[in-house]
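Asker: Pulled these from TrEMBL:
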type: BINDING; residues: His92, Asp130, His338, Glu342; note: divalent metal cation binding site
Amino acid sequence: MLSSVRLIRRIVRLVHSPVCNPSRSFMDLKVLVSSLNDFASLSLAESWDNVGLLVEPSPPHTVHTLFLTIDLTEQVMEEALQKKVDLILSYHPPIFQPLKRITWKTWKERLVIRALENRVGIYSPHTAYDASPQGVNSWLAKGLGVCTSRPIHPSKAPTYPTAGTHRVEFSVNGTEDLDKVISVVKDITDVSVTSFSTRTDEEEQTRVSLNCSQEALMQVVAFLSQSRQFYQKTEILSLEKPLLLHAGMGRLCTLDESVSLATMIERIKRHLKLPHVRLALGVGRTLESPVKVVALCAGSGSKVLQGTEADLYLTGEMSHHDVLDAASQGITVVLCEHSNTERGFLSDLRDMLRAHLENKIDIILSEADRDPLCVA
């Protein structure tokens, strides 16, 4: 009778075991990466950054659990492996400088080895999330109070409004010359041609407009330079990608109502869950000075914030001399350490990704991830 009871208990444990649950949802890695790219386009990332899928297990690879962290350290990797995750989203890219070898010698090489040995992918969005309208800097601005904000350095659209990077415009007299020009430029790769009639000094002319790539531009100029008539009247315009109003680096935030610096510091500490921040008072400022405009940048803000007019700079870290420069202009600087201005975003990110991915996979936060600096 006793052995029968033990057998029943074993069966119950197997039935309720999550490992054996056949209905557990998952996503194919390639499909998941595509969805992550849709959530925040990698085109928003800075050109110097290393973003996207950095480590890919051999396909096919299914993802049941996505693991979120700011920094992928060896301690965080150990946690991820213990929790049997399939993909790590590391905000900071663990692979930044090119790796010449993959050995057990350095900690970043060991991360790659352990990820591949355990079939764990690594994805990093970094500055794409900094620039995104629903990204890190927008989250950081939430802690200031009711305000309006805009990017300090707006991102550019990923594509040009028209084909090509340059526009070449010139005028042609006579149908014969026009036919010759159209015939030649149409044979050049990456050139689109439009033309329209104009009148100059009572003379009928045809205005020719060419959109072309950088490579095609040299061929177009070489052809036009053969004719003094065309070349002297040629205008070459460099086309710019349009700016995106709500995406970009940093945020310039204007509060609906001014508050004292002391009140703003308490708001920042509460939002970031920090007992302390570092403070450099601007020249002539006190804790009772009003704060109306805040320029912020999660992480390292020196380059992004430099030259921006504001009452307060909020960032993770700045160089000593950049702090001195800001303070000399009457701008107060609040430093919270690099990743402390980013880590709280992960909770919001988890909720947004759950909705974006329609709850198809589990999404969990690292418990071992923390800023390497503390107050001793």
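Using N, Cα and C of the backbone, Cβ positions are placed for all residues, glycine too.
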Asker: As a test of the contact definition, list every same-chain residue at least 6 positions from His338 (divalent metal cation binding site) whose Cβ is closer than 8 Å to its Cβ.
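Answerer: For His338 (divalent metal cation binding site), the qualifying residues are Gly299, Ser300, Gly316, Glu317, Asp371.
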Asker: Note the Cβ centroid of His92, Asp130, His338, Glu342, the recorded divalent metal cation site, then list each other residue of that chain whose Cβ lies within 8 Å of it, in sequence.
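Answerer: Going along the sequence, the neighbours come out as Ile70, Tyr91, His126, Val136, Ala298, Gly299, Ser300, Gly316, Ser339, Thr341.
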Asker: Counting other Cβ atoms within 10 Å of each Cβ, which of the binding-site residues His92, Asp130, Glu342 scores lowest?
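Answerer: Taking His92, Asp130, Glu342 as the binding-site residues, the minimal 10 Å Cβ count falls on His92.
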